[in-house]
Amino acid sequence: MVHQSEMENYNIGQASIEEVSDPAYKGAKIVVVGVGGGGSNMIKHLVEYGVHQDVTPIATNTDGQHLKNNPAPVKILLGKESTGGLGAGGVPDIGKKAAEESADEIREAIKDAKLVIVSTGLGGGTGTGATPTIVKIAKEVGALTIAIVTKPFKYEGNQKRKRAEEGLKELEQSSDSILVIPNDKILLTMKKNASTTECYREVDDVLVRAVSGISTIITKPGNINVDFADLKSALGFKGFALMGIGEATGEDSAKLAVQNAIQSPLLDDASIEGAKSIIVFFEHHPDYPMMAYSQACDFIQDQAHQDVDVKFGQHTSENIPIDHVRVTIIATGSERNSNGAGLESIATPSQPVVKPTRKVGNGEYLRIPTEEELSIPTTIRIQQD
């Protein structure tokens with residue numbers, strides 16, 4: 001299990017709350033919406049470790065009991081009349097109708113948002129059915145929308161896998177960008193004797209890293225800024241996103257961190273080469289050598305297509321060791337490949353993921369699996385809804 005102190009080292013904990021937003025960012029409010037059991041568990045996890053002051057976590061579910069125990073500052077019971085707070089029973093149509101019934105409440109909660117990140121586990125009732133509706137509402141209020149989703153374990157059966165695929169296709173029509181997290185591949189990074197609880201926790205951790213990685217880019221001021229307009233421009237290439245987070249310590253740590261973020265045995269054939277836009281955000285000590293930083297930027301330019309638009313951002317902090325570098329890379333505009341698999345991925349700074357404080361390690365790109373390798377919504381527990 002990941003302890004809070006470890007997560008803070010990964011910049012998800014209290015330290016991130018104390019950061020002061022870039023004044024130019026003011027008004028670009030971020031709302032993170034967890035949908036169903038899986039998404040709500042991610043919100044719980046996010047709240048436990050702390051979020052930036054400009055990020056509002058919202059938990060939504062048709063299961064009233066599960067929602068009641070969530071620490072989110074904003075909670076919305078979907079379909080109070082139609083479901084009675086008893087869940088969607090694994091039926092997406094019920095989840096969809098529940099979200100439509102609660103549309104006004106959802107709209108009110110996100111009306112001031114400039115960026116809405118919606119997270120869920122596909123394959124069940126609430127997540128699969130309600131998420132596309134919530135994303136559409138976010139688009140209606142004028143927000144940039146990013147969907148971060150998981151898919152069912154292969155062993156959960158064809159019906160659940162089919163529901164997940166249908167839900168994903170619907171999300172493709174409405175989201176500005178989609179990040180699909182392959183939980184079967186996450187399990188490959190776990191110790192062989194890892195408990196069920198550790199594995200489920202791991203899925204939540206990866207979801208939190210994805211949310212934190214995106215929000216960090218525009219909530220932290222730096223010498224070289226990537227602002228909300230840059231993120232909006234990058235995500236304007238509607239489709240699937242590739243995301244990596246890497247860390248390294250020592251000589252050439254900036255370049256090593258980048259390599260950790262874009263290279264992994266789990267990446268298969270996915271790379272940043274096919275992207276149309278790339279955002280790279282470095283975090284390091286103020287006295288980190290400029291030459292090393294420059295070489296890392298050159299390395300990324302060499303890896304990307306010559307016509308790709310690459311934007312670099314930089315945040316410095318005295319709290320980061322002088323030879324340590326953390327990098328977040330978001331590549332957008334990728335299409336799903338011929339076997340139906342997407343290029344979405346999320347990198348973690350260690351192996352296995354449950355040890356996020358390891359200073360130098362292989363970044364683990366977790367790519368959406370092939371049609372035969374579908375993965376888990378954070379569910380199985382009570383997350384079927």
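Keep in mind that glycine also has a Cβ here, set from the backbone N, Cα and C atoms.
Just so it is clear, the model here is predicted, and its values are computed rather than measured.
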Additional site residue, ASP104, ASP176, ASP184, ASP204 [criterion: listed by Swiss-Prot with GLY37, GLY38, GLY39, SER40, ASN41, GLY125, THR126, GLY127, GLU156, LYS160 for GTP]: ASP204
Annotated GTP contacts GLY37, GLY38, GLY39, SER40, ASN41, GLY125, THR126, GLY127, GLU156, LYS160, ASP204, maximal Cα-Cα distance (Å, integer): 21
Which listed residue (GLY37, GLY39) has most other Cβ within 10 Å, given these are binding-site residues: GLY39
Entry from the binding-site residues list ASN41, THR126 having the most other CB atoms no farther than 10 A: THR126
